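For 1-56, the entry in TrEMBL reads region 'Disordered'. Per TrEMBL, domain 'DUF5681' is recorded for 36-112.
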Amino acid sequence: MSSDTTLHGSDDKPPRYIRKRDRVRDQDVGYGKPPKAHQFKPGKSGNPKGRPEGAKSEATILLELLNRKVEMRQNGKIRKITILEGILSKLTEDSLRGNTKSAAFVLNRLAAIASTASTESEINPDDKAVLDAYLRKFRSSLDEKE
């Protein structure tokens, strides 16, 4: 064999047989990028027996149930309240009657609500100074336009 000849034949002709791995290298293949032949076809799901469209999650179902209105007698009058409101009022009544678990639950919920409300309304003094400076600048630019 001469040194000019390659294993596949002459340089001007492409080889008859190209290895599969050499063909795949032409495509962008790697982690998260399967070969085109193995990608999902348009309109087909990778999880065909998965959650059907319109199926509700457990959280959605629970919220719908707790927000449903029911009639409840309070102080001799019939009121329409949500189930959640009824549960919380019953827990509050039980805690007044001496049920310590109900009292602990109600007080813990109150503390959690109070802590989230206080963190939302507080403004850092540095942030307040920046906001005040911005408002002054904005108002002065409005006055100049008039």
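Using N, Cα and C of the backbone, Cβ positions are placed for all residues, glycine too.
TrEMBL does not curate its annotations; it predicts them automatically.
According to DSSP, the secondary structure content of the domain 'DUF5681' (36-112) in residues is 39 helix, 12 strand, 26 coil. Mean model confidence for the domain 'DUF5681' (36-112) is a pLDDT of 89.
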